[in-house]
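Feature annotations, courtesy of TrEMBL:
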type     : residues : note
DOMAIN   : 18-284   : domain 'NADP-dependent oxidoreductase'
ACT_SITE : Tyr51    : active site, proton donor
SITE     : Lys76    : site 'Lowers pKa of active site Tyr'
BINDING  : His109   : substrate binding site
Amino acid sequence: MASERSFTLSAGSKIPALGLGTWRSKPNQVKNAIKTAYKLGYRHFDCAATYENEAEVGEAFTEAQITRNQIWVTSKLWNTEHRAEDVLPACERTLKDLQVEYLDLYLMHWPLAFKRKGQSFGNSERDANGHPILEKDVTPLDTWRAMEKLVELGKAKNIGVSNFSISQLKPLLEHATIRPAVLQIECHPYCPNNELLAFCKNHGIHVTAYSPLGSISEPRVREDPVVEQIAKETGRTPAQVLIAWGLQRGTSVLAKSVTPSRIEENFDDKFTLSRQQMDRISGITTRLRTCDCREEWGLSHDALFDN
């Protein structure tokens, strides 16, 4: 049965509270994951061009005979496509791969423009150290203005950003014609992003949490003593506890798995934590960011995050 839990965005669209992430889902696995999730009641599917599996996601939508207005589809604009003239073609390629006529939400994946190498998708020029070369004359606001046109053309119903900090959001809020509807960020007890969540709430931006279960490397938030104790108290798994914590903070949550049993386990949006349990989890002081590309991209410490 489909989940009825949702959050209302600034323009009135309702985004399903629980979504299935498709990052790092291998060929053949993602198709089965989509079909399994849909049968279980998932109606929110999070995609991106750089995940290199959107065509297979589209095949899953078609093979499962999913009616378009029954699902929420998010995708993302990659860093090599930030120039204004590249935004529409990038979106149209995603629409073709996903076999849909429009996106419910299109996000700018990162607040950085990479200098594209040739015409192949995703290839960027590299410096002597192998780091992508930035297009310093292309700002997120330039890209955003091109994304606004996608709404006018009916290619995307809502637009937003991913992996932006407060300082990176402010220029968009000040100058945009269409304000960002959603910010998608890493969010779990080891990376709670409290200030960023408060900022978004004050400015009418909904937050979607990715990596809600933290990292598979140590320290693992799923193995945190507080999380494990609350799981025992409630008769739920650590994953279910972490997803409930995210939902009760007012964020939609993207749980990623290709394993049917875990896809089902994660889809438990009726379970709630007590205020005291929420506070105990929020009181965890360990800090760890799972998705940090600064070293890989040769960026300074403060290039992506405010703290």
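Cβ atoms here come from the backbone N, Cα and C positions, even for glycine.
When Cβ atoms from all protein chains are considered, those within 10 Å of His109 (substrate binding site) total 19, not counting its own.
When secondary structure is read from DSSP and collapsed to three states, the residue listed as 'substrate binding site' falls in the coil class. Under the DSSP three-state reduction, Lys76 (site 'Lowers pKa of active site Tyr') is assigned to strand.
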